[in-house]
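The domain 'Major facilitator superfamily (MFS) profile' annotation in TrEMBL covers 6-399. Under the heading transmembrane segment, TrEMBL lists 9-28, 40-60, 72-92, 98-124, 136-157, 163-185, 209-227, 247-265, 277-296, 302-320, 348-367, 373-394.
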Amino acid sequence: MKDCIRKSGIFIGNLLVCASFTIVSPFYSKVAEDLGIEKWLIGVIYSSCPTASLLISFFLQPFMQKLGRTKILLLGMLLECANMLIIAFVPFSSFGIAVLLSLLSRIIAGCGSAMFVISSYSILTSDYPEEVSQMIALMEIFSGLGLIMGPLFGSAAYLLGGFTISCLIISTILVIYIPIIYFCAGPSRPYILSDDHISMKKVAAKPKILLDIGMQLLIMFMVGYLLPTTQLHLLEYGVKEENSGYWFSINTFCYFLSSFFVSFIPQNVSKPKQMLLGNFIMVFSLLFIGPCPFILPEKLAFTGIGLMLFGLSGGFIYVPSMPHMLEAARNDYGYENDHRLNDAMSGITNISLCIGEIMGPIVSAILDTFLGYSMAATVVSVFTLIHALNYMILSDAVTYKKVGDKGQNKILSSELISMKNKNSD
């Protein structure tokens, strides 16, 4: 199997999975509100997806080793298909059934996304270790394309047949693509048959890696924060329900652009600096999204600018985060560059993203209820600024100096030393 076909199959699969996320988010809040579901419960429904993804992340690593990463990848896509099929029937349900179907759909979506994301990142980082940064950048470019396509396709399909038709179409596309990605992906690199294990908890506790986890958590917190209430905020400005997807696409299109731009940044440019820049851009994005009542008039154009800036911030924060975590693990903490480290880092990344995505909708629903959309965004911007200053002080973003792999990789962590001693016995 040619590498280009294999990589393309995974990238396109990622595009379709991401499209399935955003085809729902611009429209579900209004569907739920019409059925009498309150904002706090909408927030809980949104949070159930990353909660399920978080829980399954803790148990997925041994299953990947036993069943193979490709099988987990296929199962993840199958679950995403089932998720879209279930949520398609929510508009025709009574209140209780609608809540039940929504929660079931989101839980299945969370399990499917964890399986697909962790296995795909593990395949690409393990099988192509010399191209880790490029692989992650390309994954995010295709993620951005999927996130763009979801709202645009959703808005077009909404005009044809509403929420249900758009969900059924993407579900059908996912079913058709499953045998295609099975053919393209093929078997991944075999695992080494040993009892070696790298603890995700011990890796995540390393200071530099922990700071980057905070960045990953931040970006998904903000994504989750914007989902439950932004559509309702746009409707208050007079935006038609079927057009709300186009406004969401401003954010996703700018995320695609920033991911594409970051992929061309030379490898010797400080990744912490890139993440810090994205963090500061995010602060300004929140001031515009509200817009902040203390400095800006309440106009729809400012919300559009805020969505644009938020999308730009995402690429600078997320794309460099996992490559930098892998660099820090190898160069600063002595871990070897093999499948165990890649699996552990993929799991850590998914867990941090899930925690952020769980917190975001809940905080959004609570703050919007008590403070209103504009003031809530302003409050969150202050905490985002505090996070940026904290990262600037504690990380090596200001004093960054690239360390070569040579020499540093000879240093083994205590975990790996004990592994080698065990194997030698």
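Using N, Cα and C of the backbone, Cβ positions are placed for all residues, glycine too.
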Best-contacting stretch, by C-beta pairs under 8 Å, relative to the transmembrane segment (348-367) and drawn from 40-60, 72-92, 277-296: 40-60
Long-range environment of the transmembrane segment (98-124) - Cβ separation under 8 angstroms, sequence gap at least 6: 7, 10, 13-14, 17, 20-21, 28, 32, 35, 37, 41, 45-46, 48-54, 56-57, 60, 64, 69-70, 72-73, 75-80, 82-84, 86-87, 89-91, 132, 135-136, 139, 185, 188, 322, 339, 342-343, 346-347, 349-350, 354
Integer mean pLDDT for the domain 'Major facilitator superfamily (MFS) profile' (6-399): 84
